[in-house]
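*Asks:* Got a structure for you, questions after.
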Ligand SMILES: *Cc1c(COP(=O)(O)O)cnc(C)c1O
């Protein structure tokens with residue numbers, strides 16, 4: 001499509017967008033002057049669906065009137081509550097229903113799955129991550145290496161971009177693996193890098209890793225609800241994510257994880273266990289040996305927090321109604337429009353470091369600001385843009401197809417221009 005750099009054109013795009021009505025389903029934060037903010041931080045904390053309050057109130061009401069009976073008698077019985085989330089979650093991340101479960105929080109899940117999938121043996125002891133991995137991921141993998149008696153200085157390998165490039169190349173990963181593959185126990189990559197917005201080819205990375213005998217897992221914090229992950233087809237061994245970013249479930253809400261079905265009944269894997277991962281038929285027998293549930297549910301530890309799950313259900317119901325494929329199609333269009341508007345700007349103070357090919361990114365564009373001048377970010381913030389600044393020099397802009405508009409993109413670039 002031929003884009004135009006006018007407010008009228010942005011409004012036209014919104015008018016012909018079948019998904020634009022979903023914006024109404026969300027609370028859009030307001031500026032001090034009462035106008036709606038231009039919210040581009042769904043990659044950090046997704047906005048609140050208006051119906052979430054009702055979903056949570058339903059559980060509070062059932063708790064008030066039923067007490068413990070709510071486990072079976074609530075409108076949405078608490079005992080199997082997490083099972084209601086699996087189907088839509090599976091659709092969004094491209095997995096089979098029994099391959100996913102909503103539980104714990106992201107970094108906790110990462111540790112739990114590394115207990116199972118990071119098994120250093122002989123000379124195969126290393127973990128490979130991407131350069132500029134999210135700090136929590138780096139801490140988690142480094143501490144797992146230490147836990148197994150290794151030294152992150154030597155056992156943590158990073159896949160880096162070439163000099164003067166912003167994002168690492170798959171051919172360089174292949175080279176590392178050809179040289180060091182037999183020393184690497186686990187490849188753990190952020191499926192969509194939080195800093196650059198690069199969406200990696202999960203299937204390719206998994207194939208390259210498996211060819212060398214490595215296990216492969218992904219942190220999909222920035223992928224879930226944003227990019228088509230196709231986790232099952234990627235063949236990866238496991239994945240983890242949070243639900244408070246693109247999945248709009250509220251601050252600190254539960255995470256999710258994926259365990260490929262080839263491991264669904266793999267009793268050889270070490271795992272940390274709890275009663276909620278145990279066979280549902282005999283869970284309340286209280287005396288049996290651990291008998292894991294088939295699939296990802298077998299990694300659960302505790303009975304889950306229903307109030308947080310209610311918020312997740314609220315958001316997932318919106319995803320279901322909108323359809324993830326439709327959202328992705330709009331997302332590509334929306335981000336391409338933002339990219340076009342940024343290219344129309346004069347000067348060279350801003351450089352988009354996110355890959356240009358749509359298959360290599362989600363909705364986020366990362367803008368490197370020349371001379372790491374943070375005052376530009378501060379100015380646009382004052383003018384009503386909610387985005388974020390990531391050290392050393394990046395403004396991250398995430399137009400989310402569920403609630404951002406083409407007009408948001410237009411207004412943002414206008415504000416950016418007058419702020420320079
Ligand atoms: C947001 C994010 C986290 C945060 O982890 P929590 O355990 O949810 O606090 C970790 N890793 C990545 C890649 C993230 O984007």
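Glycine is no exception: its Cβ is also placed from the backbone N, Cα and C atoms.
OK, TrEMBL features for this one:
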- 106, 107, 134, 135, 136, 137, 219, 222, 244, 275, 303: pyridoxal 5'-phosphate binding site (BINDING)
- 245: N6-(pyridoxal phosphate)lysine (MOD_RES)
*Asks:* Using the residues the record lists for pyridoxal 5'-phosphate (106, 107, 134, 135, 136, 137, 219, 222, 244, 275, 303), what whole-number Å value is the largest Cα to Cα distance?
*Replies:* 31
*Asks:* Which number gives the other C-beta atoms within 10 angstroms of the C-beta of residue 245 (N6-(pyridoxal phosphate)lysine), all protein chains shown included?
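*Replies:* Result for residue 245 (N6-(pyridoxal phosphate)lysine): 26 neighbouring Cβ atoms inside 10 Å.
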*Asks:* Could you state the whole-number distance in Å separating the C-alpha atoms of residue 136 (pyridoxal 5'-phosphate binding site) and the residue listed as 'N6-(pyridoxal phosphate)lysine'?
*Replies:* 15
*Asks:* For residue 106 (pyridoxal 5'-phosphate binding site) and residue 245 (N6-(pyridoxal phosphate)lysine), what Cα-Cα distance in Å is obtained after rounding to a whole number?
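*Replies:* Taking the Cα atoms only, residue 106 (pyridoxal 5'-phosphate binding site) lies 11 Å from residue 245 (N6-(pyridoxal phosphate)lysine).
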*Asks:* Roughly how many Å lie between the Cα atoms of residue 134 (pyridoxal 5'-phosphate binding site) and residue 245 (N6-(pyridoxal phosphate)lysine), rounded to a whole value?
*Replies:* 14
*Asks:* Near residue 219 (pyridoxal 5'-phosphate binding site), which residues of its own chain have a C-beta under 8 A away, given they sit six or more steps off in sequence?
*Replies:* 106, 110, 133, 134, 137, 188, 189, 190, 191, 239, 240, 241
